[in-house]
Amino acid sequence: MLVAVVKELKQGEGRVACTPENVRKLTDAGHKVIVEKNAGIGSGFSNDMYEKEGAKIVTHEQAWEADLVIKVKEPHESEYQYFKKNQIIWGFLHLASSKEIVEKMQEVGVTAISGETIIKNGKAELLAPMSAIAGQRSAIMGAYYSEAQHGGQGTLVTGVHENVDIPGSTYVIFGGGVAATNAANVALGLNAKVIIIELNDDRIKYLEDMYAEKDVTVVKSTPENLAEQIKKADVFISTILIPGAKPPKLVTREMVKSMKKGSVLIDIAIDQGGTIETIRPTTISDPVYEEEGVIHYGVPNQPGAVPRTSTMALAQGNIDYILEICDKGLEQAIKDNEALSTGVNIYQGQVTNQGLATSHDLDYKEILNVIE
């Protein structure tokens, strides 16, 4: 199987889907690997480093001729022309956010494996490290955009406690998963107060125990509680994600209107559509806009801003799956590995993820029934 590592075209995206170390694992296993020129530069990996591990450096067009194309994010519109029948595209594809790309993949007969929908032992194994990074960075961005020079309230999130007692900011975090706890931990490290809004009762108990000695309040998620707590936020971070599907718009425009003027609103799951009615995707180079008097931060690829760290994390997580596909062939790998099967969103043009099918009102078939 010919494996290609392509350079990301998304604005501000410095990650690469495969490190030189992982290229060596593939070539040692007898697989041919091609790497697009400068694909790893943003993460600190030169072309020479890949060549030393057995890869061949190629052009963008040549990379897309591969049987298995390894990416970080969804293909850019300009790359749709390279899709070919039975080609496998691997990455954090977030297909629920774009019906256009899904229809193009269906038309050509592409197989799409989305890392964010791979579930192992009930957890989003590959997404978790990226969620952790996005959560931590969101807390930092909330502090940054709280400053007056960026349009914020002009508050120092840490407060001041030398001979005076000026309280720090309040972070309201919607959701209680990996991204949420990582955001909360950074906010606490900044001496901020944290309110977490979570739906699941078992998770609420877990969070209450986890933060028993910290300045954290855990609130049951209801529309009424959300509307009340969001008014307290200096920084509001939504972390709600439904793997493979578009989340509902739970944070309404009226709720945003009720927030403090100059407060900061961040939606970590914007790459899947987001849960905030007033949010729209932005870029790392132009990350914010103001609406209803609130600073909106809608960057869909936050880990791309710290590519060295993010690349190491995602490459460590995905290599075993990629090796299994290359060693066994996709169909046998799917049969042998239940977690991998959950990542197959489209198989040779057929939608095989229920959430994706529902999001775009498309026909769904269970993956094991399709490959038999």
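Backbone N, Cα and C define each Cβ position, glycine as well.
Annotated active site per Swiss-Prot: H94, in sequence order, evidence recorded as sequence analysis. As annotated by Swiss-Prot, NAD(+) binding site applies to 170-200.
Structure with Swiss-Prot features highlighted.
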| residue | record | Cβ contacts under 8 Å, 6 or more apart |
| --- | --- | --- |
| H94 | active site | K73, E74, S114, E116, D271, Q272, P300 |
| T170 | NAD(+) binding site | A192, K193, V194, I195, K232, A233, D234, V235 |
| F174 | NAD(+) binding site | A180, I197, S221, L226, F236, I237, S238, T239, I240, L250, V251, T275 |
| V178 | NAD(+) binding site | A124, A128, S131, A132, G135 |
| N182 | NAD(+) binding site | S131, A132, I133, A134, G135, Q136, A139 |
| V186 | NAD(+) binding site | G135, Q136, A139, I140 |
| L190 | NAD(+) binding site | A139, A143, V157, T158, G168, S169 |
| E198 | NAD(+) binding site | G175, G176, A180, I204, L207, V218, V219, K220, S221 |
Practice task
Return one of helix, strand or coil for V186 (NAD(+) binding site), based on DSSP.
Solution key: helix
Exercise for the section: Look up T170 (NAD(+) binding site) in the DSSP assignment and reduce it to helix, strand or coil. Expected result: strand
Exercise for the section: Give the helix, strand or coil assignment DSSP yields for H94 (active site). Expected result: coil
Handout entry: Helix, strand or coil at V178 (NAD(+) binding site) [DSSP, three-state]
Key = helix
Handout entry: Other CB atoms within 10 A, centred on V194 (NAD(+) binding site)
Key = 27
